[in-house]
Protein chains: 2
Amino acid sequence: MKTFRTAASLRTYLDTVPGLIAFVPTMGALHDGHVALIRAAGTTHDLIVASIFVNPTQFNQATDLVAYPRTPREDALLLAANGCDVLYLPSEEDVYPEHYRDPTTGLDFGPLVEVMEGAERPGHFDGVAQVVYRLLDVVRPVTLFLGQKDYQQVGIVRSLVRQMKLDVAIKVIPTVREQDGLALSSRNRRLSEVERNAAASINLHLKAIASCVRANWEPRALEKRALHELTRHPLLAPEYVSIFDGDTLQPWREGQAAREIVVATAVHCGPVRLIDNFIVRTT
Amino acid sequence: MKTFRTAASLRTYLDTVPGLIAFVPTMGALHDGHVALIRAAGTTHDLIVASIFVNPTQFNQATDLVAYPRTPREDALLLAANGCDVLYLPSEEDVYPEHYRDPTTGLDFGPLVEVMEGAERPGHFDGVAQVVYRLLDVVRPVTLFLGQKDYQQVGIVRSLVRQMKLDVAIKVIPTVREQDGLALSSRNRRLSEVERNAAASINLHLKAIASCVRANWEPRALEKRALHELTRHPLLAPEYVSIFDGDTLQPWREGQAAREIVVATAVHCGPVRLIDNFIVRTT
């Protein structure tokens with residue numbers, strides 16, 4: 001695996017290599033969820049490029065940015081072992097050079113960013129759009145691989161691609177989970193053992209909600225009930241539970257046609273804030 | 001397959017046959033649920049005896065007794081085709097002859113009959129105990145095969161066997177369902193097509209409730225919510241939703257140790273009253 005620390009050197013190298021490029025952007029502290037993205041990319045592309053960059057502009061809490069786990073050495077080994085060809089490991093200055101003019105400024109994500117993570121983390125998705133645009137501009141892949149765990153992020157990136165008329169396909173890979181259902185997340189390593197067990201129940205709640213939606217339980221009353229039940233756990237503090245249309249990300253109402261219905265939640269557990277989602281049904 | 005219409009002739013025959021007898025009591029109008037009992041019996045026993053008797057003493061509504069479907073010809077063919085050796089097809093006079101002294105009179109089923117079907121159908125389980133005792137006394141099987149759909153009935157029969165010190169094992173066979181989840185029942189054939197579709201959702205509700213219990217939702221609030229959601233369907237009118245301890249049949253409370261936790265419901269749909277249950281978990 002080749003490692004590049006600057007956009008210029010990476011770009012120079014990529015220009016010499018023929019074939020289809022897959023791109024897997026990450027913030028490092030890699031786990032099997034990232035591995036699933038790398039492996040999926042490998043089955044259909046000639047060259048796999050991964051990036052590790054803890055993007056400060058998408059953090060809305062300075063403490064979260066500082067506490068975000070960083071394990072570059074282990075990450076590089078894991079990437080290489082799973083077939084990654086190129087690692088882009090830039091500094092903040094390389095991603096956002098002085099006088100960088102961000103073309104995503106002024107993009108309008110409309111209602112997509114008014115709900116869930118957008119409502120709870122002001123500015124978060126502007127930062128996501130900014131960094132994804134910048135990385136795509138450097139790597140120029142044919143396909144961008146994203147994880148389903150950040151379901152809303154996928155919607156924002158789709159909108160970014162559409163608004164900026166970028167020529168890249170988006171491939172979403174299902175969430176990888178621990179045996180007990182806990183969605184893999186770099187933040188999980190900050191949980192104590194009891195917190196870890198509490199966090200595992202988040203997936204059980206999402207599955208329960210999905211079962212109820214399939215039995216035609218009223219979505220708004222169900223969200224309220226689920227929020228109440230999550231709150232009853234002494235170690236969990238949920239921010240929201242949303243049953244939504246996967247395309248619009250807006251609350252799904254009974255009888256409303258939808259390609260995909262999804263339930264998502266954000267839950268504080270100990271020192272971290274965890275998100276997870278579960279697809280209720282796809283038509 | 002041999003058919004007997006009197007207890008005396010059946011008993012005389014059985015006395016000549018060696019081997020382990022399995023017994024499958026039914027009320028006829030047989031479906032694949034009954035077939036599953038017959039087949040399960042056949043794998044472990046030498047002689048399978050089935051009975052068809054629409055027992056009047058367990059009906060608490062005369063109209064239900066009259067309307068109960070009777071298809072003796074088809075039933076006999078189905079039994080024979082699935083390996084049943086002996087059919088007992090008695091008249092009411094043969095089961096309850098004049099001056100029959102019922103030894104189950106005065107048995108006390110305690111809290112087992114105070115809930116669910118026992119609460120909604122006064123006298124029902126006394127009738128069940130009466131007929132099961134009488135049939136066991138005629139057939140004298142080593143094993144009695146019962147369906148899980150009548151979960152509470154199994155509990156009553158276990159208590160009957162214990163109280164009367166009967167030497168018979170009880171084997172419970174899982175509920176057989178249509179592709180859409182509707183539990184097979186002789187009463188299903190009285191449903192119109194729209195009612196039939198509505199009835200299929202009962203199983204979805206039970207699965208949803210089971211998922212919620214597994215996510216530690218509070219059982220009493222959940223029963224209330226589920227009852228409300230079932231009631232919202234214009235063709236369904238639920239009588240109860242109960243999350244209970246499978247052994248005591250009493251409402252299960254959070255944290256309470258239980259060998260098996262079950263959710264059961266009784267729902268009026270069109271002209272019939274349907275019951276179903278779903279095992280939440282077995283330890």
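Backbone N, Cα and C atoms are what each Cβ position is placed from, and that goes for glycine too.
Positions annotated as active site, proton donor by TrEMBL: B:His34. Residues or ranges marked as ATP binding site by TrEMBL: B:27-34, B:147-150, B:Val176, B:184-187. Under the heading beta-alanine binding site, TrEMBL lists B:Gln58. What TrEMBL records for B:Gln58, B:Gln153 is (R)-pantoate binding site.
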Residue from B:His34, B:Gln58, B:Gln153 whose C-alpha is spatially nearest that of B:Ser186 (ATP binding site), among the recorded positions: B:His34
Length of the line joining the Cα atoms of B:His34 (active site, proton donor) and the residue listed as 'beta-alanine binding site', in Å: 19
Number of Cβ atoms other than its own within 10 Å, given for B:Ser186 (ATP binding site): 20
Those binding-site residues listed as B:Met27, B:Leu30, B:Val176, and which of them has the most Cβ atoms within 10 Å of its own Cβ: B:Leu30
Nearest-integer angstrom distance between the alpha carbons (Cα) of B:Leu30 (ATP binding site) and B:Gln153 ((R)-pantoate binding site): 18
Collapsed DSSP category at B:Met27 (ATP binding site): coil
The residue listed as 'active site, proton donor': secondary structure state under DSSP, collapsed to three categories: helix
DSSP state at B:Val176 (ATP binding site), helix/strand/coil: coil
Packing count at B:His34 (active site, proton donor) (other Cβ atoms within 10 Å of its Cβ): 27
Whole-number Å value for how far B:Gln58 (beta-alanine binding site) lies from B:Met27 (ATP binding site) (Cα to Cα): 11
Residues satisfying Cβ distance under 8 Å from B:Gln58 (beta-alanine binding site), sequence separation of at least 6: B:Gly123, B:His124, B:Phe125, B:Asp126, B:Gly127, B:Val128, B:Gln130, B:Val131
B:Gly33 (ATP binding site) and B:Gln153 ((R)-pantoate binding site), distance between Cα atoms, whole Å: 16
